[in-house]
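Each remark here refers to the structure printed beneath this line.
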Amino acid sequence: MKLTKLLTYLTTEPSVNDSQDPEITSIEMDSREVKKGSLFVCVKGYTVDGHDFAQKAVENGAAAIVAEREVDVNVPVIIVRQSLRALSVLSDAFYGQPTKKLQLIGITGTNGKTSTTHMVDEILKKAGKRTGLIGTMYMKIGDETLPVKNTTPESVTLQKTFKKMNDKHVDTAIMEVSSHALSLGRVHGCDYDIAVFTNLTQDHLDYHKTMDEYRHAKSLLFSQLGGAFNHEHPKRAVLNADDEASAYFEKVTAAHISTYGIKNDADVMAKNISITAQGTSFDLVTNKGTKHITMSLVGQFNVYNVLAAVATCIAAGIPFEIITEAVEELHGVRGRFELVNQQQEFPVIVDYAHTPDSLENVLETCRDMTEGKLFVVVGCGGDRDKTKRPKMAKIAVELADEPIFTSDNPRSEDPRAILRDMEAGVENAYYHSIANREQAIFFAIANAKKGDVVLIAGKGHETYQQIGNETFDFDDAEVAARAIVELNKNKTNS
C-alpha cells in the first residue's frame, strides 16, 4: 500500500508529496523488525523510547517514520499527537480492516475474562462456527495455536492476527480486552460486534491509580461500540446485572444491552444453584427458554462465567438448544480451579486468583469442599499494585485455616519486602511466611491430610517465575504434582 493512501486513514493532514510516496511493505514499532519498505512508528514505552531508534530503523530499511516529535532522518516523517493510536489505525488499514470481515466479540473485566472467552469459543464451535481466540494463555486461529506476550497484543500483532483469521476463513473471533489495551489505544481499530463485561474489582491500580480511572478504561470498550451502526447486525453490550459498574457502562454505550446475573433481574439468570465438589447445577432462565443445567465446573464464579457466555452466544444468534448442550459439556481452563491429581487423599487446586475479589471467591468455593483444614499458598506480584497486598493477606487469613504467604513474580522487588507488605494487613494473625514459592507449595502439601484442601493461588496457567531480571521455568501444577509424589513416597517408606 502506498504511504499517501495509508495516511488517509489518519485524521491529521500529513505533508507528504508524490515524490515521497513509497510502497509500504510492513508496519513496525520495533526497529529490529524493520525491513526494506517498512513504516516505523516511534512509540515511547515504559523503559525505551522508539524516537531514539528512528535512525536505526532507517538504516534497516524504513521508508517512512511516524512520530510524536521531529526526528533527524532522511525519509518522510509524519507527526501525530499519539503514536499508539496512530499505530492502531494504520495497522487496521494496512491489513485491510480485517475485523469488519469477522463477528468480533470483546470480553473485559477484572476476573473471568479467560474462562468466559474459552466458554464462548466452545459454544460457538458446537454451533459449527470456525473461531479465532485471543487471550491471556494463547492465540488460536482455527485449529492453529500461537503463543502470546500480553493479554491483548500490540495493535500491529493484533491486526496481523485478524488478517490471518480472514485468510483461514474464521467467521467469529473472541478476545480478552485488557484495561491497559483500552487505555493505550491498542484496540482502537477493532470493529466489535459484541462487548461483554464480567466484573470490576480492584486490580492494576499501579497503572490506573484509582478505581474511577480503571472503570473508565473498561468503559472505552462500550463507548466505542456504537461507532459503526449497522441495522442488519446491531452492536450489543452484555453486562453483569449484579455488578454496580454496569450502570456506568450502560450510560456510555449506544448499543443494545443484554444482561445476566444471579441476584438481580436479568435477561439470563441462574436460579436454584447447587454447588458440590463434583460440579454445579442450576436452572438457566432466559427469554429464549429455561433449562436445568448440570456441569462439572465448580463454584459460583463459574456460574457467572457461564451466564456471561450464554448471554453472549444468545446475542450472537446461537440457538438456545445448542447453547445448553455445549454448557453441560464445558471443561475447565488450565490454571482456573485446576485439580492436580496424583492419587493423593485431598484435593490440590491451582487457580489464577490474583486479586482480592478473585481470591475471596475461590477460597469460599474451596471452603464448601473442605471437611478439615483449608490451606492457601498465596503471594503478590512485584512492581504491581501494592495496595492490594495487605487486602489479599487479610482475605487469606480470614478464609483459610493455614495461610501461607510466598512469592508470586517478585520482578525487581525484594520478595521479603513484598511479604512484609502482605503481613502489614494481618498483624497478630496466624500465618506462615515462606519466600521460596516451591518450598511453600511443598510445605502446604506435606502438612495436608485427608479431608483438607490445598489451594495454590496467583499464577494459574503461568509456566514461569520472574525474579529480578531473570525468568525461570515454574509451573504451580507441576511443582504441586512433584510435592504430592514425594508425599506419597514418604508415606510408602514410613
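Even glycines carry a Cβ here, placed using N, Cα and C.
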**Asked** With Swiss-Prot as the source, which of 108-111, 112-115, 128-131, 408-411 is set down as motif 'Meso-diaminopimelate recognition motif'?
**Response** 408-411
**meso-2,6-diaminopimelate site partner of Asp408, Asn409, Pro410, Arg411, Gly458, Glu462 (as recorded in Swiss-Prot), chosen from Arg336, Arg367, Arg384** = Arg384
**Message:** Given a Cβ distance threshold of under 8 angstroms, which distant residues of the chain, six or more beyond its ends, lie next to the motif 'Meso-diaminopimelate recognition motif' (408-411)?
**Reply:** 354, 379-384, 418, 437, 458-459, 462, 465-468
**Asked** Among the binding-site residues Gly109, Thr110, Asn111, Thr114, Arg411, whose Cα is within 10 A of the Cα of Lys218 (N6-carboxylysine)?
**Response** Gly109, Thr110
**Prompt:** Can you count helix, strand and coil residues in the motif 'Meso-diaminopimelate recognition motif' (408-411) using DSSP?
**Reply:** 0 helix, 1 strand, 3 coil
**Message:** Across the motif 'Meso-diaminopimelate recognition motif' (408-411), what does the mean pLDDT come to, as a whole number?
**Reply:** 96
**Complete:** Listed in sequence order, the residues of the same chain lying six or more positions from Glu462 (meso-2,6-diaminopimelate binding site) whose CB sits under 8 Å from its CB are Gly335, Asn409, Phe474, Asp475, Asp476
